[in-house]
Each structure stands twice: as C-alpha cells, then as structure tokens.
Amino acid sequence: MARTTRDTEAVEPTSGQRAPAEQQRWQLVPAPVPPTRGAHRLDLRTTIAIDIGRLAAAMSRRLGLGSGAMIGGRLALSLQPQVLRRLAVGRRVVMVTGTNGKTTTTRMVAEALRSRAPAVSNATGANMLDGHVAALMTQPNAPFAALEVDELHLAQVTAQFEPAVILLLNLSRDQLDRVGEIRTVAESLRRALAGAPGARVIANRDDPNIVFAAAEHPGVTWISGGVRWKGDALNCPRCGAFLGEADRDWRCECGLARPEADWTVTADAAVAADGTRRELDLALPGQVNRVNATFALAAAGHLGCDPNAAVQRIQRITQAAGRYGTVRLAGRTVRLLLAKNPASWLEMLDLVSAEQQPLVLVVNSREADGHDVSWLWDVDFELLGGRPVRVAGDRALDLAVRLHYAGVRATVAGTVEDALAGTGDGVPDVIANYTAFRDLVARSRS
Ligand SMILES: [Zn+2]
C-alpha cells in the first residue's frame, strides 16, 4: 500500500478554536516530496511487465498506430495484475473524476504539482487502469502523478492503492446508454471513497450527487463549484425526496445536507471560508475553468506546493488535449470547444453567449458519443438568442430542428469545413461533441 507520510502533511490545530475541517487549504506546511530514485525496488515480475509494456508502446508508435499508451499499459497489466499498485508505491497520486472537466482539471493539477517536483499524467485522457499504468510507467521516479479516472473505475483504483488526493468535480447524465443511472455512478464513487479513508477528498458541495458520494468520508475539502445543469440534482441521491434548487442551502429529511464551503469560486478568485483570496487570472475561459483551477489549487496545496507558484503555472495553460485550443481549420483560425452532455453544452453555450464570434455546432452519435441524442432537447439552446448558427455532423438535422424550436436560426452544412466557409469575420467558435471534436483535433493544425 502507498501509505507514506500522510500524517506529516496536515497542519495540527494550534488552538481549539478552529474545527479540524478548516485546517487544510493552502496555508499548509509543505509535505515532503516523496523520495525518488531507489526509494522502492520493483520486484522482478513487475520490472519485466513494465519493460515489455514499454517495448510494445514503442513498437506501436514506430508502426504509426498511435501513442502506444493503451497497448503498453494493457500488456503490463496482463503480465502483472499488481502493476498499478506497485507503480504507485512511494508516490503522491491525485485522481481526478467527475462527468465534466476531468481532462482540463487533470492538466491543471499536473502543472501545479510540477511547480514542486516532476509529475506524470495521463494527458491524452486514457482514463482507465491501462492508461494509469501507462502514465506511471513513463517516469517511475516522478514523485507526483495526476491521473484522470473514469467515474466508474475509481473503485478499481482504490482497490489497488490509496491515492493522496481524490477530486470529485460533478456528476450528471452522460452517454446514458453506456454508463446507466447516475445514482449507480454516485454509489460506485461512494464505495470507492470508502476504500480510501486516508485520502484527502476535494469535492463539489453544490452537486447533491457528489455530496452523497463524499458525505461519509472523514477528510473532505468542499468547494462551492456551482451546478449549472440541475436536471440530475433535483432529488436527494440518498432517499429520493425532492430537494428543489441545489445551489442553495438544503437539508434533506434523511440527514443529507449541503455542506459548508471551504472555498467559493467568484468571477475572478477563489475565496476561502476565512476570507483568504486567491486571484485567478486564467488563460482558459469561463467560470467553469476557475472552478477547475480551484480544485487543482486545493490539491496542490494539500501536497505542499507553494500556492503562488502553482497558480502561475495554471494560469499559463491555454488548452488541454485540444479543449479551448485555437487551431487552423479550412484556412481559418478557430477555437475548439468540447461539449458532450447537457451539462457541458450549458457550460460552453454560456461561454460563447457572452461573445459575438461566428458559431458552428457539431453533433455526432457514434458509439463513443452514445447513439441516443434525445438529450439535445434537455439543453437550453435558447441561450443563443437570435444568433445565426451553422450546424454539422451526423446529427446536424436533429440539431437544426432543436435549434428551430429554441428560436435560433440554423444553417445545415455538409461538413465542418463547409460550415466555416459560410461564417463571417472573426475567430469562429466550434462546439463539438466527443467524436466530432476528436476528428477536428486530428484534422486541424495548431
Ligand atoms: Zn434524503
């Protein structure tokens, strides 16, 4: 087990006046950087599994089959089922999960940790165990790791080792035909946290499903991160009673209640319960990214990073695996935004509704997107007002019908390139769902 020096990292209360729950945050004494070289010897079987995994990854890259991360991680796992546990020994691992914002927040956590020491990360978003093994294999001596994890796979991770920090961002419906009921996911996260009682959990207090998942954990830092999509937050996740608006104080008759915030995210800063402000002047746009940054800073602070150094690194991030990046496409400079479920569509529409750049929306419905696009009717496209929009993708017609009923004038294009050709001056925003976004990143030049 990766139980290292956890008990040295929390500040002991200096008086009895402050509750233990208020003792974490960014005024921590620095936690020791875990020892690196030679700190732990890997057994022969693990060493061989890692060597063969790396070889397979290198061959895969050489043959032009991709980064090789998945095949390398998968092979190492098949040769040594304990490889994840073994690779985690001696490191401080931050796991990031939730429906939306995982990839961007993981990037922020990795950057923040690098202000103190080397950190590995599954930056391409391979967020199941093979992706974690692949990331940890890249630098077995890096003392930190920032790992994005699929919501349903956190329990598998905590069954293998105890992360130092677990970030629970939000939970909402996403690809329903794959993941199933949101309550199932919340229950899975709750069980995962029960397997990591010594981890610091950093969780969104405005999302009742996250509150349910984390409420029984002994070490939670609560961030008031908001919940823009309220459709999955109306009823108590524990007993089913009606809660109403989740972003006000609520207490269910079963005892579940909205916790006090340790950090609140404003339009320009993260503010602690004691009034401490941390200005957030991010290159990444929107409230959603200030929330993500606050999660990352809380994690880095818990692991002893200097908050000023951490925030400076986070502020410089301009894209995460293509999200929010500016690229060249069809002879135009465009900004790529990913939206894959009602909650993230609301975030992205909120972002672009404050601007007047040309707008292209792209929706596919392939396996990785989920075939069912009925969620289009859950998204408040009325936010776009009377703005002209061009639409493309496999389900451009469904999208155009939805937009029509939202009072938005939509022009259907055969391809994204055609859609861009018809837009006016400016830097168009292209909001695309998962496979559409992935294909655009592959076709574009940064
Ligand atoms: Zn209840």
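Even glycines carry a Cβ here, placed using N, Cα and C.
The active site annotation in TrEMBL covers Asp372. Look at TrEMBL and you will find Cys236, Cys239, Cys252, Cys254 tagged as Zn(2+) binding site. TrEMBL lists 96-299 with the feature domain 'Mur ligase central'. Per TrEMBL, region 'Disordered' is recorded for 1-25.
A simple Cβ count within 10 Å picks out one of the binding-site residues Cys236, Cys239, Cys254 as the most packed, and that one is Cys236. Between the CA atoms of Cys236 (Zn(2+) binding site) and Asp372 (active site) there is a gap of 26 Å, rounded to the nearest whole number. In the shown protein chains, 11 other C-beta atoms lie within 10 A of the C-beta of Asp372 (active site). Cβ neighbours of Cys252 (Zn(2+) binding site) (same chain, under 8 Å, six or more residues apart in sequence): Cys236, Arg238, Cys239, Ala241, Leu243. A gap of 34 Å separates the Cα atoms of Cys254 (Zn(2+) binding site) and Asp372 (active site). Less than 6 Å separates the Cβ from ligand 1 in the case of Cys236, Cys252, drawn from the recorded positions Cys236, Cys252, Asp372 in sequence order.
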